[in-house]
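> Quick one: this structure, given as structure tokens, is what I'll be asking you about.
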Amino acid sequence: MYWSLLDLPLRQVIYTNSWALYLGGTPEQINKIAKKHGFHILGKIFPDGNYYHMEQRGVAKQSLQAHYLHNLRLKMDPKVLWFAQQSGRSRNRRHSFTVPTDPFFNQQWYLVHNVVAAWARGYTGKGVVVSILDDGLETRANYCIFYDMNDNDPNPETQYSLTRPRRHGTRCAGVVAAVANNGVCGVGVAHQAKIGGVRMLDGQVTDLIEAMSLNLNQKHIDIYSASWGPEDLGRNLEGPNTLAKEAFIRGISNGRGGLGSIYVWASGNGGASFDNCNCDGYTNSIYTVSVGSTTEKGTLPFYSEPCSAILTTTYSGGSFQHHRIVTTDLHQSCTSDHTGTSASAPLAAGIIALALEANPRLTWRDVQHLVVRASRLADLRTHDWRTNGVGRPVSHYYGYGLLDAGRLVDLASKWKKVKPQKKCTIDLITRSFELRMKLTLRWNVTACHGTRNWIRSLEHIQARLTLTYSRRGDLSITLISPKKTISNLLTTRPYEKTSAGFSDWAFMSTHCWDEDPSGYWVLQIENNGDSNNRGFLLKFQLELHGTAEHMIGRRMERAVVQQCAVRNSDGGCEGSCLMSCPPHYYVSNGNSTRSYQRCLPCHRNCLTCFGKQDTNCLDCPPYSTLDSRRSTCSSPVYPWDHKGKITNGMDRTAAVLGILIGGPLVILFVMWAIAWMVSRSFLPRGAARNQVDISTSHSNDESRDVEMVVFSITESQAENSESTSTFTNIPNTSRET
């Protein structure tokens, strides 16, 4: 019988002929085990580990049931320490519907607001490698590391199709590193970075494929950008499985020579389905930088979903009247309709690439500390801005605000490595608690004081909960820190009707960053649905991640001394001493006996300068004008800025001609209008009166009809509201991504 994936129910599991096994022993012993069970060895999953990727070629590539016999034989074999038949997992590209516009650089408004400042300092991503984990991409000259996990070959070229174009990865790659000054499309945020591609979404996505993608060439790839995740339908609870979890840990431990791989993740597009990204185990991982979206006007896009795990925000598109993101497209074309958090994540990845160029020695935790500090409130509008315990504004939609590239590279160039990460785990309940309408629990926590895991400054908080409940979607969960910072760990999800509860699910919050965790913590679990809902809280484990350093009291270095003197052809650093100051810095009159030059920052208005004042400018940033007599720079005026216009002689000539030609026409029109009004005043009075009476009568009839309809609807709604729940009339629709 012929069947396809489209014929299956929404949550049907598809099993593959691929297995992951954990085995000990020599290569000869591994081969014997594989031969015994009829497996073909495809290789190690992690180069330095004991996980193996094996294929059973006598089994169908797609099946609705796990293979009972093979799994039973593996379970009975004492030499097989762990195994898992790989199953397909739903991973959706996080983009939203868009309307195309003309692709020109002067439409890249999002670069001007917070990226051009970093370019003006000389940072363009040189020497940094970014990998796009997606559905493949069209290869170009600046691409360097590829792999196709779906076909297990080194060619990630996208598969062209008229019915299902695989353009998502190519678009995300263009946001990061579209080549500058080549006469095509726009320019990427880090346009001198190297870009890599992993084709892993264009087929069955298994735990094994995710793990291998997250660890591909971890010694060479600096940043992994992912704009996908579980379906944003407001009813899923899913995250990385066994191998992908280990891949994240290996990435932050071994990637970039031990500094840690940087994982940038789109927060999700489930806003229309009332989704919450704390139900997405990729976005709420402590190892990922979760990125939200805002429009050019600083408003919330319709697809934005909230959660306490979002760390920062970048620009994207919104509804039809908002501008979107310009990027590359299939067949060497260009598009300006890229939007959703799919556009925000690569934009953040490109900005972080600029920071890694400014300071290649940043660890994965350093990057997150800098992102918190370089994000700003700006003009982002939402109802839930709060100030946390260390005075930083934070939101469940925007995290710490809009990521400022100029500020990020400045901070990165001065940043000292944060002290080692500490983890304090506390089991807070020893018995079960019944859940009805509202449960509030309070504990005094010492944050492991007096032990080697003592935390003075928080980074991430994880609340691991196990509970049962008759309707999971009716629950909301709130955690309040000792500094009174409120983290909404879970909001009500009206489309989630399951009674599955939560089993050791880790809700994560970044809202208490740098706070002292010692003191009273409060957990609130509330039922926002039917009063007959029941359940039990069985486990609550609080995991605090942070450092013993007093981070809020840390002072930044004033001088930049660790810069590259010489770069090789690949953008790598061949020298450690600063032979000349980069843009936006000047040579101070410090100790001339030092082996390096001491550079201090210019005023923010200057590109190059001879002092720190705004009257010490030597050159100006793009779109600013230098007053050589006063040594000052004017405020920038951009060609696409609607608040101001650049005029020249031709514009003035056109204005004069318009007045000379249009003036007489305006006078003639006014005279004609006056004559028409005079002629109307001589109409017979009776006709005029009848016309007014008919119009008035018709208007009153319409008014009565409208009032009756409104009253009827209101009365009906009042009757229905007594017998229906809050979410009865919410349409069960979902947004395609």
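Just so you know, glycine gets a Cβ as well, placed from its N, Cα and C.
Take a look at what TrEMBL says about it:
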type     : residues : note
ACT_SITE : ASP134   : active site, charge relay system
ACT_SITE : HIS168   : active site, charge relay system
ACT_SITE : SER342   : active site, charge relay system
DOMAIN   : 418-550  : domain 'P/Homo B'
TRANSMEM : 655-679  : transmembrane segment
REGION   : 716-737  : region 'Disordered'
> Quick one: Cα separation, SER342 (active site, charge relay system) versus ASP134 (active site, charge relay system), in Å?
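So the alpha carbons of SER342 (active site, charge relay system) and ASP134 (active site, charge relay system) sit roughly 11 Å from each other.
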> Within 10 Å of the Cβ of ASP134 (active site, charge relay system), how many other Cβ atoms can you find? Include all protein chains, please.
31
> Would you mind splitting the domain 'P/Homo B' (418-550) into helix, strand and coil residue counts from DSSP?
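Taking the domain 'P/Homo B' (418-550) as a whole: 3 helix, 71 strand, 59 coil.
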> Counting every protein chain present, what is the number of Cβ atoms, excluding its own, within 10 Å of the Cβ of SER342 (active site, charge relay system)?
30
